[in-house]
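Copied over from TrEMBL, here are the features:
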ACT_SITE  H540  active site, proton donor
ACT_SITE  H583  active site, proton acceptor
BINDING   T23, T24, V240  FAD binding site
DOMAIN    92-115  domain 'Glucose-methanol-choline oxidoreductase N-terminal'
DOMAIN    281-295  domain 'Glucose-methanol-choline oxidoreductase N-terminal'
Amino acid sequence: MPLISIDDVAEKPFDYIIIGGGTTGLTIATRLSENPEISVLVLEAGAANFNHPLISKSSQHGFQFGNPDLDWCFQTTPQKHGLDVQYYWNRGKTLGGSSSINFQLWVHPPKADVDNWERLGNPGWNWDMFEQYSSRVYNVDKTKLQVDGWKIWDATKSYGTGNVKVSLPNVIDSDIKFRESLVMMGVPKAPAPYHGNPNGAYINIGTYDPNDYSRVDAATAYLRPNLLRPNLVILTSALVHNLIFDSADGDLVATGVQFSSTTDKTPRRAYAHREVVLCAGAIKSPQVLELSGIGQAKVLKQIGVPLRLELPGVGENVQEHQVVGVANELKEECPDMTYDLLRDEKEYAAHGELLTQGKGLHTIGITNLTYAPLSTFSGMARAKELYSAQKKKIEEHKKKGVYPPGREEQYNLLLDLLDPEKGNPDVELVGFPGYISFPRLPIPGKRYYTLCAVLNHNFSRGTIHATSRDPYSNPEMDPHYFENDIETQSMVETVKWLRRLAQTMPIKENLDHEHNPGPEVQTDEQVEEWVKKGSITVFHTIGSCSMLPLNKNGVVDPNLKVYGTRNVRVADLSIVPLHIAAHTQSVAYVIAERAADIIRSSAKY
Ligand SMILES: Cc1cc2nc3c(=O)[nH]c(=O)nc-3n(C[C@H](O)[C@H](O)[C@H](O)COP(=O)(O)OP(=O)(O)OC[C@H]3O[C@@H](n4cnc5c(N)ncnc54)[C@H](O)[C@@H]3O)c2cc1C
């Protein structure tokens, strides 16, 4: 059914109500509505934004930020261990959610990281499951899968049967030289980046339609081809406040939701015969649960919401990735176009034209990824020193009994991953064809290539909680960045290494000088301070409604059902209990595909 108005929905019953029409929400809604007998309502707070040029034209990374029509513009609390810096946490507020504003990298996690979810008490949530469901999501373009002797996809494996087209965008000379310099610095090629072992350097693909380089997101891949299904009802500009419940034998039974149009804010209701599925993302899903009376007694008391179900894990166990970028200005004679040019109006228009010929900046992408152990960057001795210090700290805290239920098990797995002898990928490097570096800003008209360091497996744990019963006010986000020194020091060591890489041929040939941090940042202490001032989020928040056993502070069980409820599931990135060395959209789609299967099989259709 085409998009409809609020009066077509208010006070009406549906089989399923899906809260949030983002990456996971649209995927699940499309799958459930394959059965024409089943009615599905999606309530999305953002607008439809079909064919919005800031979404459909690829590679406009960050151009949507701060635009309230597309971005929630979240902001964290000042970070106590990070010089009180507040971080912007941009998220898609539109049909398609964050898949519509993301940076389009298509990345698969390492096998060990997904298998860890099963080890934490979630049978069936393992690497085999990831492979099975992801191949239902992606559809790899076979025409460009070999570049300069770098094999992108294992031809013996499935190319996928899904609707999310992924392909290799164009690359610039600095991308090629960066990769060659990595090899010069001893980084091996990743053995199986899309099939369980991304440890090393590789060329990655992205959510680009190979026919015209446009963005592929959940709206274009899942919803658009099925928009006219009469049983699929999508209401946009509709913010869900809370769930409505009855109770049966001590369990909560959701009968519907309370929501309002974002223009008039008058509370309305819609009813669910079967289930309510929460897909509002890792930042808003815990808030919706709390405003429904599900969460920590203390938090609900503070906001004046009566407690219906005590679940201490709601809004806890929050984990995030951080990135810091060393930005180098390109030499005048270097021929590369970089994203920096798009900040100039004339260039922006010119590249819009070039796109029609399959050329220009809207056809290039972020294609250089490397996953490697900390020891690659710090040397083995320093990696061992940092690992031992972290291990000691954790052992001491275990003895003092300070950890909440379930945390020790997570830290045991993280220590195992971090053990330098095992060589797992702790850090990711990204070659970014433009400026993505802070706090110093770029000089207009100049072109840059940024060498980025990303932390994959953080020990720090944060929180996301509602601080008001007003559904229109954002929850408080506190990721506890840099609470563990291992995170700060891993970044410091990697930044020092990246500076050496910039002096290595052949990338050195293209780089004029380092613009940020710049020559005044030299000692380890100065690098540390710069890292704390200059790091940003990678937009990968997880854990706020973790899938864990109930006695380990779980919020949902392995069937994604909220403990203590009969028919409420959470099926978005918030359920991931332990972070992965990967960008997260592939995981979000996998969670959604599996959730759809779980829901269909529990309803026996
Ligand atoms: C800027 C950015 C860059 C990224 N880059 C990459 C990348 O290059 N590669 C990669 O793999 N991953 C990337 N990611 C991460 C990836 O896109 C996300 O992890 C994934 O899309 C999250 O899916 P989700 O369904 O959990 O949440 P979302 O897709 O964010 O969906 C949540 C939806 O719920 C809606 N909503 C929220 N609250 C309510 C409410 N109360 N009522 C109604 N609707 C509500 C939101 O508007 C949104 O549409 C990036 C993310 C961002 C934000």
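Positions of Cβ are set from backbone N, Cα and C atoms, glycine also.
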Listed binding-site residues among T23, T24, V240 whose Cα sits within 10 Å of H540 (active site, proton donor):
none
Measuring Cα to Cα across T23, T24, V240, which the record gives as the FAD binders, how far apart are the two most distant ones in Å?
17
Long-range same-chain neighbours of the residue listed as 'active site, proton acceptor', Cβ under 8 Å, sequence gap at least 6?
F103, L105, W106, V107, V538, H540
In the structure shown, which of the binding-site residues T23, T24 has the fewest other Cβ atoms within 10 Å?
T23
Confidence summary for the domain 'Glucose-methanol-choline oxidoreductase N-terminal' (92-115), mean pLDDT rounded:
98
Counting only residues 6+ away from its ends, which parts of the chain sit with a Cβ under 8 Å from the domain 'Glucose-methanol-choline oxidoreductase N-terminal' (281-295)?
19-20, 22, 72, 74, 89, 91, 97-98, 240-243, 245, 252, 303, 305-312, 314-315, 318, 464-466, 469, 471, 474-475, 477, 541-545, 555, 562, 564-565, 570, 572-574
Determine, from DSSP, whether T23 (FAD binding site) sits in helix, strand or coil.
helix
In terms of DSSP three-state secondary structure, what is the assignment for the residue listed as 'active site, proton acceptor'?
coil
Within the domain 'Glucose-methanol-choline oxidoreductase N-terminal' (92-115), residues counted as helix, strand or coil by DSSP:
9 helix, 3 strand, 12 coil
Please list the DSSP helix, strand and coil residue counts for the domain 'Glucose-methanol-choline oxidoreductase N-terminal' (281-295).
11 helix, 2 strand, 2 coil
Three-state secondary structure, the residue listed as 'active site, proton donor' (per DSSP):
coil
Can you tell me how many other Cβ atoms are located within 10 Å of the Cβ belonging to H540 (active site, proton donor)?
25
Relative to the Cβ position of V240 (FAD binding site), how many further Cβ atoms are located within 10 Å?
26
